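A.B. asks: First, the structure itself, so that you have it in front of you.
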Amino acid sequence: MEEKTTKTNNVKKYQLTGKRFGRGAVDSGLTHECGVFGAIATEWPTQIDIAQTVCLGLVALQHRGQESAGIVTSEGNCNKNFHIHKGMGMINNIFTDETIKKLKGNLGIGHTRYSTSAASEEVNCQPFVVHTIHGAIALAHNGELVNCDSLRNDVLGRGVGLSTYSDSELITQSLCVNPPVNEVNGPDWPARIRHLMKLTPLSYSLVIMMKDKIYGVRDPFGNRPLCLGRIVPLESSTRKANGLTNGNANSQEADGYVISSESCGFLSIGARYVREVLPGEIVEISRDGIRTVDIVERPNGKDRQAFCIFEYVYFARSDSIFEGQMVYSVRMQCGKQLAREAFIEADIVSSVPESGTAAAHGFSRESNIAFAEVLCKNRYVGRTFIQPSTRLRQLGVAKKFGALSENVAGKRLILIDDSIVRGNTIGPIIKLLRDAGAKEVHIRIASPPLLYPCYMGINIPTREELIGNKLNPEELAKQINADSLAYLSVDGLVRAVRTNLQTDNPKTIGHCTACLTGEYPIELDW
């Protein structure tokens, strides 16, 4: 792959060709690259099982990646000896009671992965651990660097070999070979991190572990999510379980601190949400608490951040908190807005479970059309090596869903889903509902059509594969045998996301809609 940078009117452009220009082929739907998690105890030696805490944090992030996972722990007193376990597959299959016992430590970081820019192989499992003259460092990364090739050439040009094509190894080595000029008494890691952030504007959320501390880093545009929490003492945990407690983590009693791509797993490990890591912020998490060490500004004087809007639509778990609001509430707002834009008379509103359920409830409330379940999902469907016959393949959706015929027969129904990617699934679902006796089936999608690829950590099928580039809503409705089909507008999605958004500075609010509009946070030369 070739990647070049040019400057026009003082705006740096990233020219994407080769792999990243045309990449994006995935087997089905959309895939997120990964999730990161870290934890540190305040008392050493700790009574908290750090490895198990990180493992449970990764289980809560399993939806962000199912190909591989890893955990690295440190006891905090030796800069040469980290405990590491990584492997391919699902988290519960990688980490057993025996492997968890070997991951001793007072702090640790973990990662769960779905590959985009590097192959699905064990060599690419994270976190990456590098042994330097100053000791070991471990790093886990969510996102994808838009200028990875220029960074790669810089690292290789300094005589450093790279064993993978992973952005995460590249970031780790770049931190090691780019010391600030005024470094005298050992490594200044915050300065090195800042230097890296100046070299590449997006996309990344990082957790970086030294022997006795963890750094959390979010790119200046805030494209990928990252949040902080505190582990509360057991007696406090049993008295009150409040999932949204904004404030200073250091001013409240804590047995430890956590950092995560999403807040959805905090309650299950006895932690409470504190706040998001700000765009461009570098936080240091130690046994003494959380402190901001630097905030790197966005390049070229850009005012607005560019948080990925599809975190709200598709990727995040519904109980996660972004920008002061719960994802479930935003998805309900999307449904309400969809009802305003694309109302139609019907007997019931329903959803493709569970992806469209929150939006369906919002549509129902706004339209005053009753909600009822019409599909029952089989939760035990997995990959199979048994190839079905042509007839069974045509009925492929039946292995995932069953129709609740008593709710469907003779009814005009509106079926809500969060998105349509290739359009392969919705047609068989409609057939299933018509076979169950549905009188009319109207499809409503709680997001705009996907039209463009993403180069910032989301693996989206190529433009040629995206159904939104092939058929307009009327043509697609005819192809899938729906009575009608309508998408939420881009303006409607943005309005829904920002309805209850909480921010101290409204002028910096911004969301990346590149996959919907082709407008990227930084200019890309095509």
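Glycine too: its Cβ is placed from the backbone N, Cα and C atoms.
What TrEMBL records for 34-288 is domain 'Glutamine amidotransferase type-2'. The active site, nucleophile annotation in TrEMBL covers CYS34. Residues or ranges marked as [4Fe-4S] cluster binding site in TrEMBL: CYS308, CYS454, CYS512, CYS515. Residues annotated as Mg(2+) binding site in TrEMBL: SER355, ASP417, ASP418.
Buried or exposed, and what's around them? Tell me for each listed feature.
C.D. replies: Neighbour density for CYS34 (active site, nucleophile): within 10 A of its CB lie 28 other CB atoms from the protein chains shown.
For CYS512 ([4Fe-4S] cluster binding site), the count of additional Cβ atoms within 10 Å of its Cβ stands at 26 [all protein chains shown].
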A.B. asks: Which of the recorded positions CYS34, SER355, ASP417, ASP418 has its Cα closest in space to the Cα of CYS454 ([4Fe-4S] cluster binding site)?
C.D. replies: CYS34
A.B. asks: If one looks at the chain holding SER355 (Mg(2+) binding site), which residues at least 6 apart in sequence have a CB under 8 angstroms from its CB?
C.D. replies: TYR314, ASP417, ASP418, SER419
A.B. asks: Tell me the Cα distance separating CYS34 (active site, nucleophile) from CYS512 ([4Fe-4S] cluster binding site), rounded to the nearest angstrom.
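C.D. replies: Pair distance, Cα basis, whole Å: 18 Å.
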A.B. asks: Give me the non-local Cβ neighbours of CYS308 ([4Fe-4S] cluster binding site): same chain, 6+ apart in sequence, Cβ-Cβ under 8 Å, ordered along the sequence.
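C.D. replies: Correct list: ASN223, ARG224, PRO225, PHE315, MET456, GLY457, ILE458, HIS511, CYS512.
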A.B. asks: Given a 10 Å Cβ-Cβ cut-off, pick out the one of the binding-site residues CYS454, CYS515 that has the most other Cβ atoms nearby.
C.D. replies: CYS515
A.B. asks: I'm trying to understand the geometry here, so how far is the Cα atom of CYS515 ([4Fe-4S] cluster binding site) from the Cα atom of CYS34 (active site, nucleophile), in Å to the nearest whole number?
C.D. replies: 18
